[in-house]
Structure formats: structure tokens, C-alpha cells
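What follows is a single structure, written as C-alpha cells, with notes after it.
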Amino acid sequence: MASTATARVFSLGAAMGRAAAASCAASSSSSSSLKANPFCTLAPQQPSAPLDMKSYLWKRYNEAKKVTKDLVPSIMSNLLNPDAIFSNNEMSLSDVEIYGFDYDYTLVFYSKHLHTLIFNAARDLLVNEHRYPAEIRKYDYDPNFAIRGLHYDVHRALLMKIDAFHYIQLGTVYRGLNVVPDDEVIAMYDGSHVPLEQMSDFYGKSSQGNTMKQFMDIFSLPEMTLLSCVNEYFLKNNIDYEPVHLYKDVKDSIRDVHIKGIMYSAIEADIEKYICYAEQTRAVLAKLAEHGKKMFLITNSPSSFVPFRKVNERGVLLWDKIHELQKGQIYKQGNLYEFLKLTGWRGSKVLYFGDHIYSDLADLTLKHGWRTGAIIPELRTEIKIMNTERYIQTMTWLQTLTGLLEHMQVHKDPDSQLILQEWKKERKEMRELTRNFFNSQFGSLFRTDQNPTYFLRRLSRFADVYMASLSCLLNYDHDYTFYPRRTPLQHELPTWSDQLCTGNNLVPQMLVR
């Protein structure tokens, strides 16, 4: 249990602050009053220039690099816990009486074979029903191409990663299977910012004039890959086509794989191949039942205005009027408002888990006050990458180098500017390397080069807590309270970074259970 087995996690940002602090201390002992600290937000002051600026700057560089290298073992002894639950909003499980669950990628996980099945089935529907060239069958599903949370420009047929401020991450814009040069992207969008009216709507869709579609659920990975493959075929063969029609045809084909039963028939025919059994999920449900918690499973329904109908043991829909939802019974059709009317389950006593930030969580938290938990399977993989020595070395030095650039930019002489350009080039190369740690095309699900992704922005807004899987609940007591870490705002940083600038290693630490 979390109460007896606490996993201590060292804040990487704070650790990098320690490197900066040592660098500051070294700088303060020199003739310069400038403090090369990436966390020091004091207004930089123009130092009295040393006689040999080259020697001065490279000395600061080498000192910072040595401190960073010496710090890595300390960080390696305090790694992130991949099975932790992370909190965006304070929430006590003692207040939760009712637990609700989505089905796909929440209670049940699928093997890698399912995405290949969806891709192949939708590709065949494009050929057989939409009369696309049979040659597109030569494209196979690549599970390493796309990540969740990407945006697709429907009119330009471009797949890209956008940050929380609507800026495109250059180097992550793909036309077909090939990256679009940065200068071409900047020319198309008059910069790298996507105006609000062009962004996807509130639920990530391209509707009512919005030209961007955001792909948020795990099932969308085959759809993004299929779009890119067909785009690639048309481009390679110089075929003139309308991107909007292609988007709609691929969208319809993916939809038909689901609603025509192609996917479900294949799963039923070979359950062992497609479904990953999760014994720990059963343990979670048993634990909740042991503590007297009510539970329900509810998934998306197209029946917006149809009341619930009871299903008997043979799967037949009954005509009885439903006055209450009975324990152990299965109901079909219905909608969320009907569910709330029949159960009276409103407010923070309900905690609902799902993997789709929009369709599973957004309305529940915004309109009905339910507490929400996002299941993000990719989280476990990314944390394991973040715990590697190579990643920690790279990120620690990247942040320290950024701090050096920020505070040494006041030196305007030609020699200093040449050195700063070298550092900027190194920083650019390191940022590209950092992206490749996760996904070669698009990088991390949660970050662009310097900002949170648009995906993380929505996750932070609509999920009280998030985790890799429901099994993470087994690490916590049934009455545990989740407290979000107080992340300093930019104008709050000097309250502790001023001390870092003086060389005092007062580094805040973070505990995560």
C-alpha cells in the first residue's frame, strides 16, 4: 500500500536547479555579476566584460557541464514511479462512494494486433466500397508512426503536433509519411501559430468551420496512419485529389469497421489474440467491492434521446418501462441524462475513469461535477524512458545550457555572439534528440520542445487524476487523498531561485506515492 511503500521522486526540474545553483555560485566568485542560472528570473545585469570573452564564456560552460555531470547520480537515485497516480486537482477517495468505468482501454486492454486489424479492414473498405486504388494495399500498419493528441489539417492534409498555446512544433508536420520543411510550414500558416477559429472545436472535432481535427483516443492511431499512407500514395503518384474527401472517406471507413461489427467479430473469433487479460483490474474491482463502493460500467451510446431498455439473459431487449437501475442488470440504449435521473448520482461522490479525454471525461466534470480519472497507457512507457540515465543526462544539460544562453546573451561583442550561436546550435540538436527518445516523428505525448502539448492542456482541465492503468489504484489506500504538486508560476520562481543564485542549494523536493 502507498501508506507503507512510499516511492520518493526527485523533481528533475529542481535537480537541474541545483546544477544551476552551483553554476551561479561559480559565477558569483568571478568578476562578473551575471548568474548563469536557468531558474533565476532576476533581470540580467550587464557585467563588466572580462578581457578575454572567449575564455570567460567557455569557462562558465565547462563549469556548468561538470556540475551537471556530477548531479546525474543523485537524480538516478530518485526516479519517477511508473505506477503512481498523478493529480491535477485535490481529491480524497474517502469522499467517493461510486466508481464508474468506460470499457475500452480502461477495464479492458487490447493487444497490438487490434490496430493492425482496424487499419487493414479500413484500408480494404476504401478499396472495395470507396473505389480507391488497390495499390494502397501495399501499405502496412506502422505502430511507431503516430501518437495520440495530434492535429490533422483537413484542408491541407497535414498531420502535426500543437502545443498548449496553439503553436505548431516545427519538425513534426507530416504530409503523407514525410516531414514538411519548417520554412514551408511557416509560409503556409504565416508563422507557426494556429488561430483559434481554425483549431478543432471544444471536443476536438473539425466542425462549423474548424479546419483542424484532434485525434484523442487510442483507436485513432490506425486512422492517422491510414490517412498518412493514402496521402503518401497520392503524392508519390502525382494524383490530384481533394483532401477533404480523403479525410471523410477514411473517417467513414474507420467508423464502419466498428459499427458494421468487423472489429468485434474478429475479436470474438480469436479473443486470446486481441484481448489482454488484466488480473490486476479484477483485483481493483474486488478491493472496491470489499470497501462497499458502488460500481457501474457505461460506454458511449448513439441513442441521445432513447430511454434505457433492459436486456435479458439471452440478449433480448425488453419493453418494460425502467423506473430504476437494478444491481447486476444490463441495460442498453439510454443516455447520460437518463442515467443521472434514474440514479441521482451527481457531484463529487462519483469518480469515473476513461481513456478519451473529451467523450469520456469532459461533460462529466464540467456539467455534472463528477470527479474524473484519465487512463493514459502511454504514461508508463514515457516515465520509464524519463528514468533512463541517458535521458536524465540530456535533459539536465539541456536545461542548464538554456540558462546559460538566457543570461549570457547580454554580451554583444562579436566573439561572444559566435559562441552563443554555437550553444544555440547544440541546444537545437539536443531538443531533436530529446524528441527521438519517445517517438521519432512526434516526440512525447505530453510535451513539445518547451511547452506542454495541447493534449496535456486538455488532460489537465478535464481529469482530476491520471494514471497508466486502473491497477495503479492498488498502490493506494481506499481513503487516500491526492494532492497536486504546487508548481511555481513564473513570477513565483524567485522566491526560491534567488537563493539558488547565491549558491545555496535549497532545492525543493517532490514526493510521489
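Cβ atoms are placed via backbone N, Cα and C, with glycine included.
Values in this document were obtained by computation on a predicted structure and should not be read as measured data.
Within 10 Å of the C-beta atom of Asp102 (active site, nucleophile) sit 21 other C-beta atoms, taking all shown protein chains into account. Taken from TrEMBL, the feature active site, nucleophile covers Asp102.
The local packing around Asp104 (active site, proton donor), expressed as other Cβ atoms within 10 Å of its Cβ over all shown chains, amounts to 19. Feature annotation from TrEMBL assigns active site, proton donor to Asp104.
Marked as Mg(2+) binding site by TrEMBL: Asp102, Asp355.
Taken from TrEMBL, the feature GMP binding site covers Asp104.
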Seminar exercise, completed: Cα of Asp355 (Mg(2+) binding site) to Cα of Asp102 (active site, nucleophile), in Å and rounded, measures 8
Seminar exercise, completed: All chains considered, the count of other Cβ atoms within 10 Å of the Cβ of Asp355 (Mg(2+) binding site) is 23
